[in-house]
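Only one structure is covered here, and it is reproduced in the block below.
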Ligand SMILES: O=P(O)(O)OC[C@H]1O[C@H](OP(=O)(O)OP(=O)(O)O)[C@H](O)[C@@H]1O
Ligand SMILES: NC(=O)CC[C@H](N)C(=O)O
Ligand SMILES: [Mg+2]
């Protein structure tokens with residue numbers, strides 16, 4: 001899950017894209033990029049490894065001229081972390097097209113073969129996003145038009161949707177035309193549309209999360225629908241069409257658990273409200289199943305679980321305390337690319353306030369336990385701070401299956417819950433007792449905010465993939481290619 005942005009404006013967009021990427025930084029910490037298009041039909045691109053503040057200096061910002069552009073923050077889920085796979089990607093034909101992608105394609109090898117055999121197009125990296133851009137460019141080219149109508153763009157998108165598989169929320173920019181944003185037929189990754197009135201003119205913006213619109217002064221209009229494409233011309237005309245057969249909203253449930261910021265609204269659901277509901281239900285489960293346990297204090301594992309833990313404390317009638325202090329200069333550990341890096345980052349990131357643990361029975365709350373990197377270490381830290389009993393609650397159920405839609409969890413063997421019972425996991429992370437949220441409670445916590453969402457992608461809990469085309473062979477392949485050792 002990367003963060004993407006696209007803006008068509010009547011004034012320079014470089015600063016707004018930069019500001020939007022800053023608030024989407026939690027979606028990708030590995031690389032960042034911005035491309036703009038100026039009035040002379042030229043693209044200006046800056047992309048490199050690093051955080052937004054590292055990648056863009058004054059000199060780069062000055063070069064990013066133009067009233068339309070795209071931005072990306074990357075969390076790699078295909079290929080490598082190399083700067084050559086940072087986004088936006090660019091192809092010069094037809095017209096000049098650039099693209100930003102959040103998600104993960106599950107048939108990129110097949111696409112690369114098709115591109116070579118049918119279109120004689122070369123893909124220079126192992127990135128799925130570069131293959132996606134080339135497929136789109138190929139279908140745009142097939143229209144054989146000098147100037148594309150909205151209908152030409154939508155028909156290219158229809159053909160693209162027929163070719164590509166997996167999860168994709170994208171924005172592409174076409175020289176001489178405009179921006180086109182599109183979302184896969186299951187709407188697995190989020191994408192929103194916003195607008196801003198400026199001197200009687202309307203500017204449009206696409207972003208992964210609504211928080212990006214708020215930050216740069218755009219008002220939320222709506223979510224892009226599953227399978228929909230929205231085309232905004234450089235003149236500010238807007239067109240939209242559903243370009244996929246049988247679209248059905250099945251958003252990734254992990255966006256609500258962990259990825260998205262609490263101040264975002266995704267597919268009609270406030271992420272904050274959903275997390276509070278998760279806390280409510282998990283608190284009720286603890287009260288129901290552990291009536292004899294004496295919990296003295298509830299402590300969150302900062303920072304995503306803070307809102308969940310506060311609600312659990314309220315339900316249990318137990319004090320909530322910030323027993324861990326988070327170093328604000330260390331980023332999210334789960335989305336770091338290697339296990340060695342993740343392990344050392346947890347210790348640099350979190351430290352205890354001993355008085356909150358000493359002699360107490362503490363309930364530690366996290367949004368999820370994935371590899372167990374965080375929980376193993378913070379339990380040790382809680383013991384060292386003098387905790388008596390340590391209970392642990394996870395607002396997500398046991399994660400036992402790989403993700404193929406834009407979360408870098410390629411192999412079940414990395415997952416602490418794979419092949420283990422709750423008691424075995426408790427023993428491994430060193431807690432006295434452990435509880436996981438039930439999947440149905442997690443789903444209801446989100447549906448409570450928007451009952452129209454009937455189904456989620458819950459593959460990490462169930463091993464059932466919403467696209468219906470994930471085979472055991474494919475899972476073996478990505479496990480071989482992307483496990484920690486192979487990446488090294
Ligand atoms: O079991 P693990 O493999 O450790 O993964 C789960 C942990 O990683 C995430 O935190 P992260 O530090 O990435 O971000 P946060 O500060 O937003 O909680 C998540 O919130 C859990 O704490
Ligand atoms: N997390 C993502 O959305 C990643 C996008 C794309 N698959 C990449 O690896 O660059
Ligand atoms: Mg966390």
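Numbers run from 1 along the shown chain.
Cβ atoms here come from the backbone N, Cα and C positions, even for glycine.
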Taking TrEMBL at its word that 366, 367 bind Mg(2+), choose the one of 304, 421, 422 listed for that site.
304
Using a Cβ cut-off under 8 Å and a sequence separation of 6 or more, which residues in the same chain sit near residue 304 (Mg(2+) binding site)?
258, 275, 366, 367
Cβ atoms near residue 2 (active site, nucleophile) (within 10 Å, other residues, all chains):
27
Output field, Mg(2+) shell: CB within 8 Å of site CB centroid, site 304, 366, 367 dropped:
257, 258, 300, 301, 305, 308, 365, 368, 394, 395, 396
DSSP-derived class (H/G/I helix, E/B strand, else coil) of residue 2 (active site, nucleophile):
coil
Between 366, 367, which of the binding-site residues has the fewest other CB atoms within 10 angstroms in the structure shown?
366
Ligand 2: which of the recorded positions 2, 304, 366 have a Cβ closer than 6 angstroms to it?
2
Taking only the recorded positions 2, 304, 366, 367, which have a CB closer than 6 angstroms to any atom that belongs to ligand 1?
304, 366, 367
